[in-house]
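I have placed the structure first, in the form of structure tokens, so that the comments after it can refer back to it.
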Amino acid sequence: MATTTYFSPIISEQILNIKFDPNFLPVVATSFAFFLILYKFINPWLSNFFVNNYKNLNEAQKIDWSTRINSSINALIVGTICVYMMIADRGLAVNPLVYKSYLLKTNLSIVIGYLLSDTLISTIHYKAIGDPFSIAHHTVSTYAFGYVLTLNVMPYFANFRLLAELSTPSVNLRWFLDVLKYPKTSKIFVLNGLSMTSIFFFVRIVAMPIYWWKVYIVAITPLWPHMGHFRYILIVVCIVLDIINLYWFLKMARGCVRTLMAVNNKKHG
């Protein structure tokens with residue numbers, strides 16, 4: 001069924017008549033403003049009210065703290081919608097090259113607005129929290145998602161990449177625990193570390209061959225050459241993202257091993 005749809009004259013006509021669609025750019029702007037307001041006003045106020053040790057953080061840590069709250073909120077919203085669409089919207093898998101979904105476009109608008117706001121904050125405060133890998137990740141992600149949002153191309157692949165957001169909350173929780181000076185051998189720190197590494201592995205590393213297999217299946221269809229330069233954006237951007245994810249996972253795995261060794265030494269020390 002899916003293969004038949006790839007050869008559909010209707011889909012072929014849609015590919016040949018791809019047009020710029022700016023309708024969701026206001027949603028991007030709203031998301032951008034929303035995350036900036038969270039970062040500047042709401043996150044610091046709530047953190048100061050609910051977290052006793054927040055006032056003891058230095059300025060760089062407070063900046064990072066607020067951006068990580070934004071990151072977690074974005075991940076929970078976007079990741080939930082992504083999983084829902086994978087389960088409920090069969091049109092995505094059937095029409096991976098050209099497919100218009102208002103829910104997907106809304107989700108992409110949210111994540112693009114977040115990425116732009118976080119990139120702006122990271123650039124302004126580069127000396128405090130700047131990370132070239134993170135900025136590179138944000139830049140290529142925004143570029144690719146922007147194409148999908150405004151041209152309605154490669155929707156399946158964009159939604160699949162958003163699955164990676166599910167690993168973000170546990171990554172941020174590890175940082176929160178660390179900056180609040182929880183012992184790295186404490187139960188909550190160890191459990192979160194194991195959870196973080198496992199989730200990251202499944203949604204970013206195990207997902208890689210599944211993703212590239214789908215790319216291959218689509219690439220051998222007659223419609224693939226008609227995608228023009230969109231093909232190269234899909235491939236090049238995702239190769240860059242996967243290299244960054246592999247780098248992050250290796251760092252994460254080494255940290256997890258060190259923590260487990262420390263726990264083991266503590267038990268037998």
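Each position is counted from 1, following the chain as shown.
From the backbone N, Cα and C atoms, a Cβ is placed for every residue, glycine too.
Beyond the ends of the transmembrane segment (24-42), by six or more residues, the same chain brings 66-67, 69-70, 73-74, 105-106, 108-114, 116-118, 120-121, 149-150 to within a C-beta distance below 8 angstroms of the stretch. For 24-42 (among others), the entry in TrEMBL reads transmembrane segment.
Annotated domain 'TLC' per TrEMBL: 60-261, in sequence order.
As annotated by TrEMBL, transmembrane segment applies to 69-87 (among others).
Sequence-remote contacts of a segment are chain residues at least 6 beyond its ends whose Cβ falls under 8 Å from one of its Cβ atoms, and for the transmembrane segment (140-158) they are 14-15, 18-22, 24-25, 28, 92-93, 95-101, 104-105, 108-109, 111-112, 115-116, 119, 211, 214-215, 227, 230, 233-234, 237-238, 240-241. According to TrEMBL, the feature transmembrane segment maps to 140-158 (among others).
The annotation transmembrane segment is assigned in TrEMBL to 189-212 (among others).
For the transmembrane segment (232-250), the list of distant contacts is 133, 136-137, 140-141, 143-144, 147, 154, 157, 161, 164, 197, 200-201, 204-205, 208, 211, 215: same-chain residues at least six beyond its ends, Cβ to Cβ under 8 Å. The transmembrane segment feature in TrEMBL is assigned to 232-250 (among others).
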Q: Take the domain 'TLC' (60-261) and average the pLDDT across it for me.
A: 93
